[in-house]
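**Student:** One structure follows; several queries about it will come next.
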Amino acid sequence: MVRTYLLLLLLCGPATPFFNHLMDVTRRLLDSSNATWQRDQPDTHRLSRLDAHVMSMLGVGSHIDEVSVNHSQHLHNFRSYNCEEGRRTLTMMDPKSGKFKRLKCNENQTLSKDCASCIEKKSSIMKSEHLVYDDAICQSDYSSPEAMPDHETHLCRIGPLHIQHCTHEAKRVQHVSWFWIDGKLRVYDDFSVSWTEGKFLSLFDCLNETSKDHNCNKAVCLEGRCSGDLQFCTEFTCSYAKADCNCKRNQVSGVAVVHTKHGSFMPECMGQSLWSVRKPLSKRSVTVQQPCMDCESDCKVDHILVIVRHFYPDHYQACLGSTCLTGRAKDKEFKIPFKMADRLSDSHFEIRIWDKERSNEYFLESRCESVDACAAITCWFCRANWANIHCFSKEQVLILVAVSSLCILLLASVLRALKVIATFTWKIIKPFWWILSLLCRTCSKRLNKRAERLKESIHSLEEGLNNVDEGPREQNNPARAVARPNVRQKMFNLTRLSPVVVGMLCLACPVESCSDSISVTASSQRCSTSSDGVNSCFVSTSSLLQVSPKGQESCLILKGPTGTAVDSIRIKTTDIKLECVRRDLYWVPRVTHRCIGTRRCHLMGACKGEACSEFKINDYSPEWGHEEELMAQLGWSYCVEQCGGALCQCFNMRPSCFYLRKTFSHLSQDAFNIYECSEWSYRINVLVSTNSTHSNLTLKLGVPDSIPHGLISLSSVSQPPAIAYSECFGEDLHGTKFHTVCNRRTDYTLGRIGEIQCPTKADALAVSKRCISSDSIIFSKVHKDSVDCQSSIIDPMTIRNRNKLPSTVGSVTFWPTETSVEAAIPDLASATMLIRLDGYTIQFRSDSNKCSPRFLSLSGCYNCEAGAKLELEHVTDFGTALGILECPSLGYTTYYEVKNTLEKSIRTMHLNGSHVEAKCYFRCPNSESQLTIRGELIYLFNDDIRHHNQTLSPGLSPKSGSGWDPFGWFKASWLRAIWAILGGTVSLIIGVVIIYMVFTLCLKVKKS
């Protein structure tokens, strides 16, 4: 017995397909042709497979055109074809004409898989030979074509059917729900379907009482010549005597009624088809940068005048020298103020201007010639005008002399008044003082006499008063007493001189300056010389170098084993930005609500028992549309009980079921990325240049970037300022950025961006079920057969157009960048970069050329971002050489590419003193020259030059100290003559006094 069971178990596995096949054949022989056809339709045809008692699309015979030849001419590319195997006919609807076409093969032929031709293969009994492309159902009772409202959809085109004009379209293949009556097709986005019972003959099966045939002419029932059950006699007039037909309620679910915003109707057919559609696409809103052809600019001493003609300017961003300024223009002619230091050298400037709509960006480029350092100070009452004495005009000198004279007179008057007051007071106090002093002297004399008497009495009583050794000690004590005060007096005089000496030493100290260059010497062990005299060295180093302000360079000078400079790596700062470190939150679609509903009378379809209360939020009803696409979208499913009985077109008195699906439809194919700024960090763009390469790099803290045979990174940077903005930013598909108030993740507060949150762009474009929102975003109210839905979903496109960047929020101006957002903050940063070289190759020849440099000028400002400009001219006797200028007292080193033609070069120096006079050395391969650089620099206080609607972008702080050097002008060249006269006069007076004292001393000695 056990063996028998084991044998059956072993046979069950292999025999299962055979039994399944046998059951399928049996079912096909027993079932009706309609049931077999429904079962053999594709699995995606949920609607046509819904109920075996509902009429299929094959029943609309008069509207079907059969095609037996040239099938490929009728297969248009707005469908996706798959005829599988064993299909002899393909029926499909043309959305433009509203007609049905049936591709048909002969009896012994079947359609190919792509449906384009017929192949010699007979159809099988195991699969229905009729295939319908469209998932649809039909009914016998329907309204007239005029009862259908016009199209109400966001689609522009469906295949060849043109619905509405769209300027910008996006093509997509999707399932489209449609409704059809007698060759007329309509498409709606929002609709509901109710299945009603009532005075419809299609809900009853009538039997001819005489012939017992079901082919009874139902038209006679409308004349009252039929009898039937209670439901039939309730709706129609029954004749119980000599009735032609006897009618009973069949199993058809009811008659479908479609409800739209503009009316209701009964369709002849309704379904859903996979078609190629065109959806509206929003206009590309990316900001286009273009030159401002008819704009003018004029460089003034303290501002740039800009004139715009063909558009109305709004936000602008202007950079001159090391300063970048942002603001808003009030008119077509506006001024952009700049720091005085930015006019001390020839500077290229660039202005970016946005129009009022912020959809077009224009740029204007030009150059401002330098002005004299003293001429750059154009203000009268500002601090810079009175801090630089060597820039004083004649009027200022006269004012200074007058003010000094007035101060001296005022001081003399005060001293004279104090003297008069003191003299008058002394005259009053003098008698009292004389009496008091007389009393004090009298008392002191008496006390001294008594003390002497007492002392003499004590000494007389003591023994040993006549000791011989006491005499010498008493004689030496007065000498010591006299000597000690002399030593103290000398020490006191020395301490009085100490502050003066310290002050003189402080004035004698040289000025200090941070270097913007460092040198690296190659090891001789890693150098080699080729046969043609070319030396090759490999350099490996890790060096820290301070980042220069905008428009200036930092240099890494590479030297050979002999200490001769042979190459350099230049790092020029192009700009500095305070950029948002973005943290993506979610994607937001641009949608509106969409509600789909269908009502079933009790005991019809799925409305049975407690089915309505058991209906879940993710359940599906076939009348809603294509399940795969509809249920893949974010939405919520509900079942709402409605009335039953005759008043609600139902035969059953129990409540009917209204199946509701709340979902969304796109306003356009747009999605918006919403992100917040977790922090703000500096981003410094630099140009790294060697003798053979040029690379544009971006320096970020802790993010290295590659250079030839090395890496460069931002080693340290000052703490960025706190940005008083805690809201979000958004970005559309074209890169246009905007600021907005938004919900954070898992917060779905209505009325702000983030009511719907999608994890990816693809999810937002499809409003997939991976998106998250609250079902309260759509308010719905069911009215028996229809549903009224309302929503106030925020349109991100409106927010984008209103808050497009650049924009000023509070006191901060935000500017769009390629990947993030930049904030304009008037702060100076201090940054250091790390340069790592590993096997960097330098090649050079041992030349013997000499250099001839000459100092021309040194002008500009000290302790400022722009720095001072050092101008030299240089030339070699032959060839090209790399010259190094070193100023040890200033801590400054830089390089020059010296050629055999006379050239002028300008370098930037950062100093912290007003008067400069230092010895420098200019070294070439076969020469060393000594230069003396001299100059008078000015100090420009960091005054706020902005208007009320302007903001300074962040910059880099100067490499020297900060502050005003108030005593530096004492060393100015124009004061040297004065100091020489004063010094000569004082020296003459001191010499005369010394000679007189020596002469007097000699006379006293001679007389004694």
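Yeah, the Cβs are placed from backbone N, Cα and C, and that goes for glycine too.
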**Student:** Just choose from CYS648, CYS650, CYS657 the cysteine that Swiss-Prot connects to CYS601 via a disulfide.
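**Tutor:** Of the candidates CYS648, CYS650, CYS657, the one Swiss-Prot pairs with CYS601 is CYS650.
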**Student:** Quick one: which of ASN208, ASN493 has N-linked glycosylation site in Swiss-Prot?
**Tutor:** ASN208
**Student:** Swiss-Prot tags one of 584-595, 644-655, 932-943 as region 'Fusion loop' - which one?
**Tutor:** 644-655
**Student:** Looking at 395-411, 497-513, 990-1006, I want to know which stretch Swiss-Prot calls region 'Internal signal sequence for glycoprotein C'.
**Tutor:** 497-513
**Student:** Below 8 Å Cβ to Cβ and six or more residues apart, same chain only. Which residues does that give for ASN696 (N-linked glycosylation site)?
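**Tutor:** Once residues fewer than 6 apart are set aside, ASN696 (N-linked glycosylation site) is near THR574, ASN685, VAL686, LEU687, VAL688.
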**Student:** Say you check the Cα of ASN208 (N-linked glycosylation site) against those of the disulfide-bonded residues CYS216, CYS226, CYS595, CYS648; which is nearest?
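**Tutor:** Of the disulfide-bonded residues CYS216, CYS226, CYS595, CYS648, CYS216 has its Cα closest to that of ASN208 (N-linked glycosylation site).
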**Student:** Among the recorded positions listed here (ASN70, CYS138, CYS216, CYS851), which has the Cα closest to the Cα of CYS368 (disulfide bond)?
**Tutor:** CYS851
**Student:** Which sequence positions outside the topological domain 'Cytoplasmic' (999-1008), separated from its termini by at least 6 residues, show Cβ-Cβ distances below 8 Å to it?
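**Tutor:** Answer is none.
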**Student:** CYS864 (disulfide bond): which of the recorded positions ASN108, CYS216, ASN912 have a C-alpha within 10 angstroms of it?
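**Tutor:** Hits: ASN912.
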**Student:** Among the recorded positions listed here (ASN108, CYS166, CYS216, CYS555, CYS851), which has the Cα closest to the Cα of ASN912 (N-linked glycosylation site)?
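**Tutor:** Closest by Cα: CYS555.
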**Student:** Specify the secondary structure state of CYS864 (disulfide bond) as given by DSSP, simplified to three classes.
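**Tutor:** Note: CYS864 (disulfide bond) is coil by DSSP, not helix or strand.
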**Student:** Using DSSP and three states only, what is CYS138 (disulfide bond)?
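**Tutor:** For CYS138 (disulfide bond) - judged by DSSP and reduced to three states - the answer is strand.
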**Student:** Any idea which of the disulfide-bonded residues CYS166, CYS595, CYS650, CYS924 has the thinnest Cβ neighbourhood at 10 Å?
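**Tutor:** Output over disulfide-bonded residues CYS166, CYS595, CYS650, CYS924: least Cβ neighbours within 10 Å is CYS166.
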